[in-house]
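Take a look at the structure set out below.
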Amino acid sequence: MRPAFGAEANVFKNPEDVWESVHAAAGPAIPVGVDVQVESLDSISEVDMDFTMTLYLRHYWKDERLSFPSTNNKSMTFDGRLVKKIWVPDVFFVHSKRSFIHDTTTDNIMLRVFPDGHVLYSMRIIICDKIQLFSFLISRVTVTAMCNMDFSHFPLDSQTCSLELESYAYTDEDLMLYWKNGNESLKTDEKISLSQFLIQKFHTTSRLAFYSSTGWYNRLYINFTLRRHIFFFLLQTYFPATLMVMLSWVSFWIDRRAVPARVSLGITTVLTMSTIITGVNASMPRVSYIKAVDIYLWVSFVFVFLSVLEYAAVNYLTTVQERKERKLRERFSCSCGIPHSKTMMLDGNYSESDANSLAGYTRNQMVPEEEKPEKTVVHLAMSNESNSSRKRGLKGHVGLRIIQNTHAIDKYS
């Protein structure tokens, strides 16, 4: 049961009583001050879109039912066992996935109760007139909460996350949550650091949250901004992708006839780029929009892939050109008017007109010796030169390979 101003019960006079047995009159909203000291920011998960933080959470509120007489105006400190017997604010973390209070070696909870007095424990509050009480509750909590992240500029992005505190049962008419000292209510350890992020700033805000079925609630926000370090991604993503693109250009200087070398180089660069893209996406959530790193990696992948297509196109066009040239040579070789090869039977005596008729024949074929022994066999092969060039080049070398039967030549001579 929440405290109310003017209640007369005193649990220190009757320590066996619990708050449920005390009837508190209805009253105005109980102000509950909150301050936080962040001990560590443990991790930031892009895949799960959450963060884990360990902090000291302090509540301050006034409850006259816990007043006690004190001659020296000293406070009383209790452990977590008394918390179960008194009213405490039911503050919880909105959008938290997991949270727990540390319990090594005992529950990390401290309750400190003050009589009225002076400026106490860094609180600039002076309480006077009659004996009153100011309660002080500290707990050490680790919480994992959701953080909506935008990866449109990843890895050149900055993320802003919030840890939200709110009363679970009491509306703003019953309990008023507020930051004890404004922005000074949030303290951080100077040694807090993250491997991938630079913590730019912490700040606090507060506003009202509305639920259609229950009403308005006070909500407190711990906001912090993180800026990602780029050097890790330069080493692991950008530099390797750039080198793969440059490596794919090496194939342009390799002879097009070296098919195994060019094909293996192209396939290797394509598979390496695929591995880099898969590795980057494995550490990211499956978002439906394009990230900055996706644009760079996919443009690099297109360059590498086009280098493979370039060789395929060059190889195909070269093959087509060579086929056309081969057909063209065959067509010219068959259009000179005489057969491709011709065998002439000559006896030992032939005139100059007979020799002129042999112009344009080459000596690149041999005629077997099984021909008629009495005759001289001349095997002629046609060259690709024109008839006019053949006649000009005849004098000095006829271009014949004559297999002679010396006995037959002597006989007819």
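Every residue gets a Cβ built from N, Cα and C, even glycine.
Bear in mind that TrEMBL entries carry predicted annotations, made automatically and left uncurated.
Per TrEMBL, the feature domain 'Neurotransmitter-gated ion-channel ligand-binding' maps to 27-127 (among others).
Taken from TrEMBL, the feature domain 'Neurotransmitter-gated ion-channel ligand-binding' covers 139-229 (among others). Confidence annotation: the domain 'Neurotransmitter-gated ion-channel ligand-binding' (139-229) carries a mean pLDDT of 91 in the model.
The transmembrane segment annotation in TrEMBL covers 230-251 (among others).
The domain 'Neurotransmitter-gated ion-channel transmembrane' feature in TrEMBL is assigned to 237-391.
Here TrEMBL flags 263-283 (among others) as transmembrane segment. If you look at the transmembrane segment (263-283), the same-chain residues 6 or more away from its ends with a CB under 8 A from one of its CBs are 46-47, 237, 240-241, 244-245, 247-248, 250-251, 254, 293, 297-298, 300-301, 304-305, 307-308, 311.
The transmembrane segment annotation in TrEMBL covers 295-317 (among others).
Note on the transmembrane segment (295-317): residues 237-238, 241-242, 244-245, 248-249, 251-252, 256, 259, 262-263, 266-267, 269-270, 273-274, 276-277, 280 of its chain, located 6 or more positions outside it, place their CB under 8 angstroms from a CB of the stretch. Counting only same-chain residues 6+ beyond the ends of the transmembrane segment (230-251), those with a CB under 8 A from a CB of the stretch are 155-156, 196, 261-262, 265-266, 269, 272-273, 276, 280, 293, 296-297, 300, 303-304, 307-308, 311. Residue counts for the domain 'Neurotransmitter-gated ion-channel ligand-binding' (27-127) under DSSP (helix as H, G, I; strand as E, B; rest coil) come to 7 helix, 50 strand, 44 coil.
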